[in-house]
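Below is one structure, written out as structure tokens; the observations come after it.
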Amino acid sequence: MKWLLGLFFCICVNQATARRSPHADYVEELYRLDAQGARYSTNVTEDALLDIVGLIKKYRYPVEVHKVVTEDGYILEMQRIPHGRDQNNRPDPKKPAVLVMHGLFASAADWVLMGPGVGLAYILAEAGYDVWLGNARGTYYSRAHIKLDPDNDSEFWKFSWEEIGTRDLPAMIDYTLKVAGKRRLHYIGHSQGTTVFWAMGSLRPEYNSKIIAMQAYAPVAYLEFNANRLLKLIAPHANSIEALTSLIGINELFGRSDFFTNLGMRFCADGTFFQAMCTNMLFAFAGRSEDMHNATMLPVKLGHTPAGIAVRQIAHYGQLINKNFFRRYDHGRLTNWRVYRSFTPPRYDLSLITAPVFLHYVDEDIFADVRDVRKLHAELGRSVGMFRVPHATFSHLDFMWGSGAKDLLYDRTIQILRSLGDE
């Protein structure tokens, strides 16, 4: 376990006001002090400094910030792009609402940081949608609670992605529907953004009726064929990770840190010797996809991502890796009995998910293997079908950052949304 702990130490409302990105102070310091500071693109550096509201405003899109309080007291921030800039650029209460949910380590910023014409949030707004961007508890934009201090109260971090699904999503859905004046909305989730939907749909099935349809990008439930090396190394220790890290005061992973920003600005920017190495490191973690990858944007990506998670989130995934089940968090036999009235965690009943689901997958996804997606498809209560992204090397991260995602995925998604109507 020493290597594992060492790893954690190393990596470890309507008036929108622009703030700064999670790692802005450090990016700014690097740019100011570096003797070769001019090698950094001013535009790229600025985008690494701005927070999501600043990014959206910079590119002249309308943006609102909304605060949502969950039933257990977490304060979530949502960003709303109510209409487009160039097309469909006037407020209209008839616009269909779409909620977009990020994956593990990410935040809503990942849907805009690639810029207009590439970022999904902008593309949806231009297509005539009222775009709502969710941020899960514990991320940079939702790191708040009505009573608990995330820096001093370990209780704040006692959640997995199940609580994001059963507490955060319902709160954001209800809030969005109320403000938008709708009965139902479209949902788009990526990776963990799909996992949380499965948790909500199975444990709080009444929310199925509030979803027009769910677009699942790189859907993650079963992880029997997961090929990510880091997660495979963590998996054997999944049941003890949270207890061990808690003993040494670590409850949050991948939060505000200089590590990734330093990597991005000093080693990964255009003109740096190690940019190719940075690219290969990213490929090693998430899959190789040269023609979808924009290396110039690495400092922006690493300025906004990672955005923070709880240890229990990755521990929960670890419990599922290379197993043939998709089940609730394993607290240990005694706590399981108290929580579930069973010594082993119950499985999620995917047949209870009756909202129409469209599964968008790729050939070589080291997180969402097509064999695991097929199993998910067979067990969902209303899976419309599996839809392959027509590109041989499209990767897990290309669903949000791919330079060709619009042509290969987003345009098709919008065609599906339009075919389903708004309510």
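The backbone N, Cα and C atoms fix where each Cβ goes, and this holds for glycine too.
Copied over from TrEMBL:
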ACT_SITE  S191  active site, nucleophile
ACT_SITE  D365  active site, charge relay system
ACT_SITE  H396  active site, charge relay system
DOMAIN    55-114  domain 'Partial AB-hydrolase lipase'
SIGNAL    1-18  signal peptide
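Feature annotations (TrEMBL) mapped to structure.
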residue	record	Cβ neighbours (10 Å)
S191	active site, nucleophile	26
D365	active site, charge relay system	28
H396	active site, charge relay system	24
Separation of alpha carbons, H396 (active site, charge relay system) and D365 (active site, charge relay system) (Å): 6
The domain 'Partial AB-hydrolase lipase' (55-114): DSSP-derived helix, strand, coil residue counts: 8 helix, 19 strand, 33 coil
Distance [Cα-Cα, Å, rounded] between H396 (active site, charge relay system) and the residue listed as 'active site, nucleophile': 8
For the domain 'Partial AB-hydrolase lipase' (55-114), the mean pLDDT of the predicted model: 96
